[in-house]
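Undergrad: After the structure tokens below, expect a handful of questions from me.
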Amino acid sequence: MSRLFGTDGVRGLANGLLTAELALSLAQAAAVVLGHDQLAEGKRPRAVIARDPRASGEFIGAAVEAGLASAGVDVYDAGVLPTPAAAYLIASLDADFGVMISASHNPAADNGIKFFARGGQKLADDAEDAIEAQLKVKPHRPTGVGVGRIQRFSDAEDRYILHLLTTLPHRLDGLTVVLDCAHGAASGCSPQVFKDAGAKVIVIGAEPDGLNINDGVGSTHLGPLQEAVVANGADLGIAHDGDADRCLAVDHEGNVIDGDQIMAILALALKADGKLKDNVLVATVMSNLGLKIALREAGISIRETAVGDRYVLEAMRQGGFNLGGEQSGHVIFADHATTGDGVLTGLQLAAQVARTRRSLQQLATAMTKLPQLMINVKGVDKTRAQTDEGVREAVARAEQELGQTGRVLLRPSGTEALVRVMVEAGDMATATRICEDLAEVIEKRLALAV
């Protein structure tokens with residue numbers, strides 16, 4: 001059987017790959033692996049569970065709760081909450097582990113199960129492997145007083161909101177903010193916390209019905225937010241995805257502010273306050289070169305990682321850094337959160353607008369994005385992308401031409417016979433020409449036999 005765990009837990013079509021039976025079995029296996037220390041002492045481990053509002057979350061969540069309780073785990077059901085809220089509650093309650101039922105930015109038909117370790121930390125690969133291995137072992141099934149209890153956690157959202165408010169460096173009084181909640185998990189808490197922080201709030205995409213999550217709204221569909229910001233004369237707009245672990249923004253003229261620009265604004269603010277640990281930002285190789293150039297001029301260095309927030313988190317933990325993220329809008333404030341938090345990020349960004357009395361558009365000029373083009377070259381031997389002599393020579397020529405004003409990145413797909421070619425340059429014409437030339441070389445040199 002292929003590995004169940006992907007880059008962000010177990011995810012797939014609800015009632016297709018992700019059945020109630022699998023959810024129950026995964027929960028029983030996780031109870032043994034993540035609750036081992038408590039079970040070994042004859043105690044009941046404690047776990048927090050939350051979900052986004054997609055319809056399938058109810059039966060999958062019920063199956064997970066049944067699996068946990070039947071394996072001797074006391075369950076605290078936090079209901080519909082963002083993924084980062086679940087992580088926060090796991091840490092604040094000192095629970096042994098937690099579970100989030102969500103497929104993030106995926107369509108409503110999909111769902112997922114993501115486990116967190118003690119402290120609200122993402123699971124290491126070896127812990128996921130151990131859970132998969134435990135699926136093949138007879139479940140731990142206590143009886144009598146050994147079975148777990150299930151409790152509804154009535155003030156979970158309030159606790160999360162209070163936590164977010166304590167992180168604010170400045171209130172939002174006088175700001176008008178449009179929030180697009182993607183008909184997702186932040187539909188309740190995000191508008192409330194922005195109001196509590198003093199902003200005038202206009203809300204779209206906050207009427208979840210179980211089937212409309214991410215449907216034409218949210219961080220993957222920014223059109224409605226752009227229109228609402230301009231139509232209402234708002235200062236800025238904030239877009240979440242289905243589980244609110246990411247944030248993209250829109251300035252007062254409707255221009256998109258991506259994760260790189262958000263990180264630039266926040267890194268500079270933290271450095272100015274003397275709060276950016278070691279003056280380092282952690283970002284992935286996909287972040288725009290303009291981010292590195294702007295921060296280097298400000299005395300901030302970037303630690304690059306592979307693509308994926310788990311790699312950003314790993315580098316942050318290893319180096320003790322407190323700010324990192326991705327161009328997609330996953331931004332991690334290690335001083336306040338253990339994972340990407342879209343509501344927290346939106347609050348911090350809005351606070352800088354209020355604090356500096358500069359528009360988001362003005363703040364975003366902190367970095368100049370280099371024109372960037374990506375081409376997916378399909379049907380090629382991706383394993384040779386870094387070793388083929390002809391490809392290496394073509395890349396070297398491109399890098400020599402670009403010099404310090406651009407870069408080339410080849411990324412083999414993890415799941416397909418495909419190589420992604422990304423080029424940044426001082427102008428789009430140059431980026432396009434070089435990217436197309438490299439794609440042609442890769443297609444010719446690495447083509448798979450038909």
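Just so it is clear, glycine is given a Cβ too, placed from its N, Cα and C backbone atoms.
Copying in the features that Swiss-Prot gives for the protein in this structure:
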type	residues	note
ACT_SITE	Ser104	active site, phosphoserine intermediate
BINDING	Ser104, Asp241, Asp243, Asp245	Mg(2+) binding site
MOD_RES	Ser104	phosphoserine
Undergrad: Express the distance between the Cα positions of Ser104 (active site, phosphoserine intermediate) and Asp243 (Mg(2+) binding site) as a whole number of Å.
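TA: So the alpha carbons of Ser104 (active site, phosphoserine intermediate) and Asp243 (Mg(2+) binding site) sit roughly 5 Å from each other.
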Undergrad: How many other Cβ atoms are found within 10 Å of the Cβ atom of Asp243 (Mg(2+) binding site), counting all protein chains shown?
TA: 35
Undergrad: Sequence gap of 6 or more, C-beta under 8 Å: which same-chain residues meet both conditions with respect to Asp241 (Mg(2+) binding site)?
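TA: Those within reach of Asp241 (Mg(2+) binding site), by Cβ under 8 Å and sequence separation of 6 or more, are Ser104, His105, Ala182, Gly184, Asn214, Gly218, Ser219, Thr220, Gly329, Gly342.
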Undergrad: Around Asp245 (Mg(2+) binding site), how many other C-beta atoms are within 10 angstroms of its C-beta?
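TA: I get 34 for this one.
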Undergrad: For the residue listed as 'active site, phosphoserine intermediate', list the number of other Cβ atoms lying within 10 Å of its Cβ atom.
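TA: Summing over all protein chains shown, the residue listed as 'active site, phosphoserine intermediate' has 27 other Cβ atoms within 10 Å.
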Undergrad: Which chain neighbours of the Mg(2+) site, leaving out Ser104, Asp241, Asp243, Asp245, have a Cβ atom within 8 Å of the mean position of the site's Cβ atoms?
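TA: After dropping the recorded site residues, what remains is Asp52, Pro82, Thr83, Ser102, His105, Gly184, Ala185, His240, Gly242, Ala244, Arg246, Gly342.
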Undergrad: Name the secondary structure element type, per DSSP in three states, that contains Asp245 (Mg(2+) binding site).
TA: coil
